[in-house]
Amino acid sequence: MTANFTVSTASVSSSASSSASPSALPDDLIPGRMPAHVAVIMDGNGRWAKQRGLPRIMGHRKGVDTLKKLLRCCRDWGIDALTAYAFSTENWGRPTREVDFLMTLFERVLRQELKEMMEEGVRIQFVGDLEALPKTLQREIDRAVIETKDNRGIRFSVATNYGGRQEILQACQAIATQVQQGQLQPADIDESLFSRHLYTSDISDPDLLIRTSGEMRISNFLLWQLAYSEFYITDTLWPDFDTDEFHQAMKAFQMRDRRFGKVDDSEKP
Ligand code: FPP
């Protein structure tokens, strides 16, 4: 059976990676100010392909290479977690041929990359309503998640058939059921309890969201978890998003003043 991952440990926002590896970092990045968790909306695959007179699916194929490079770079730079938006609950509305291609692509990538993920200590997990995915894909997901679960390297979460509103609704339903059964009082429902009912219960909230292709939208991604994330939006299309551009994103992130709704110490009376 395919599980939706709701293992419970507190979901708290942290601002610095615990395992920054200064030797691999470019000189102009400060190890103590790296994000612990980066989330990406990988947008622009279709446009990238169209610009080259190629079918859209070629953009997705190239997008996988970009994602692999980014995962490796995050690992080398000591970032603890990367979450990628691979397929939204709304993406089912795309042409059947494209949806089928994406499902097959996910399956093939999982099969082909598992050995390398083991060698590199990647711990993969999936967030979303996985029951609706093709059974063959569910089996590959189960295999990859189980085999990599004891790895201690970067945590790589793939949002697949994921929708932020749907995630919040299923959390509400689970909590309401517990209240109905008398296991929980309404007054017990706080942010920490609610976070533990989300797919991302065992990952800290993203410190940084990157969106490619210049769109200024969240597109139903991690609606709860992005409350205090910094945003980096670039016009670059996802297949062209490379290490240099990620470096720029890191520099921009390190310039941000994260106050989490409070004021700077210097502004306090
Ligand atoms: C958005 O570009 C991209 C997607 C919906 C698919 C992204 C998926 C991958 C890169 C594969 C990841 C694979 C694994 C196993 C994690 P778009 O098609 O919306 O581009 P457009 O806006 O230019 O049309």
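Even glycines carry a Cβ here, placed using N, Cα and C.
Automated prediction, rather than curation, is the source of TrEMBL annotations.
These come from TrEMBL:
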type     : residues                                                  : note
ACT_SITE : ASP43                                                     : active site
BINDING  : ASP43, GLU230                                             : Mg(2+) binding site
BINDING  : 44-48, ARG56, HIS60, 88-90, TRP92, ARG94, ARG211, 217-219 : substrate binding site
ACT_SITE : ASN91                                                     : active site, proton acceptor
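All protein chains included, ARG211 (substrate binding site) registers 23 other Cβ atoms within 10 Å of its own Cβ.
Cα spacing between ASP43 (active site) and ARG211 (substrate binding site): 7 Å, rounded to the nearest whole number. By neighbour count, meaning other C-beta atoms within 10 Å, the densest spot among the recorded positions ASP43, GLU230 is ASP43. According to its DSSP assignment, GLY44 (substrate binding site) is coil.
For the binding-site residues GLY44, THR89, counting C-beta atoms within 10 A of each C-beta gives the highest total at GLY44.
Reported as a whole number, the C-alpha separation between GLU230 (Mg(2+) binding site) and ILE218 (substrate binding site) equals 12 Å. With a cut-off of under 6 Å between the Cβ and any atom of ligand 1, the recorded positions ASP43, GLY44, THR89 reduce to ASP43, GLY44.
Counting other Cβ atoms within 10 Å of each Cβ, the recorded positions GLY46, ASN91 show the lowest value at ASN91. Secondary structure at GLU230 (Mg(2+) binding site), taken from DSSP and collapsed to helix, strand or coil, is strand.
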